[in-house]
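Features as listed in TrEMBL:
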SITE      Arg13  site 'Important for substrate specificity'
ACT_SITE  Asp70  active site, proton acceptor
SITE      Thr71  site 'Important for substrate specificity'
SITE      Gln158  site 'Important for substrate specificity'
Amino acid sequence: MQPELVLASGSPRRRELLRSLGVPFSVHPSWVTEDVPGNPSPGELVEILAAKKALAVAHTRHQAVVIGSDTVVSLEGKILGKPVDEEDACRMLERLQGRAHQVYTGIALVEMDGGKVSRRLIDHRVTEVMVRNMTTDEIRWYVSTREPLDKAGAYGLQGIGSIWVDWIDGCYTNVVGLSLPLLYDMLKQLDYPMMTRSFSPERKV
Ligand SMILES: Cc1cn([C@H]2C[C@H](O)[C@@H](COP(=O)(O)OP(=O)(O)OP(=O)(O)O)O2)c(=O)[nH]c1=O
């Protein structure tokens, strides 16, 4: 029997992205605190948090491959996570508009075998995103839609936020919260049999 695939995330975007692959999986959000000591680089930060999320859920499973992930925006050396409130979202968008920034997403896979961690993989990808100039009214209106409030950098490339994204350089799904090419490569390294699964895009999770 193949191990269960578990998505350790409460993010609806990650769930939709994984669902689009048609593989069966279950969802178990991790609820870990997203504070990391020291001064990690954006790449280190998303890898540490992805591993923290995956491990927290992995320890509740006997036989499984658990996926953890984390996304941050990096703007000229400053890390932007999710805004704490509407004012914070407005401030983030004011800083992002008119210049390019980088979106970092980390993925951790933790394989549990007989209740023990048997293998661990951690990696991340970076995508550059150019947000064009926004007027103050546009920023206020966009924040009033509430779309920015639960997203790193206070925008959603997959939603209304796409209006102001001029171009991206790199993986699209990495920006939305889970790089599917990277996930596929990592699952292959664990010999997870994606190709032998029957494809079922309508499967409910
Ligand atoms: C930049 C960007 C981020 N995001 C989202 C992806 C993530 O859900 C979120 C970053 O927050 P995260 O802390 O990475 O994830 P989360 O709290 O939503 O979910 P969990 O920790 O349970 O896995 O920002 C978009 O949906 N679109 C975008 O364009």
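In case you wondered, yes, glycine gets a Cβ from its N, Cα and C as well.
Note: TrEMBL annotation is automatic and uncurated.
Keep in mind it's a predicted model, so treat the numbers as computed, not measured.
When the recorded sites Thr71, Gln158 are compared by the number of other CB atoms within 10 angstroms of each CB, Gln158 has the fewest.
The secondary structure of Gln158 (site 'Important for substrate specificity'), as reduced to three states from DSSP, is coil rather than helix or strand. Among the recorded positions listed (Arg13, Asp70, Thr71), Arg13 has its Cα nearest to the Cα of Gln158 (site 'Important for substrate specificity'). Around Arg13 (site 'Important for substrate specificity'), the C-beta neighbours below 8 angstroms that are at least 6 residues distant in the chain are Gly156, Gln158, Val176, Gly177, Leu178. In the three-state DSSP assignment, the secondary structure recorded for Thr71 (site 'Important for substrate specificity') is strand.
Annotation note: Arg13 (site 'Important for substrate specificity') sits in a helical segment as assigned by DSSP.
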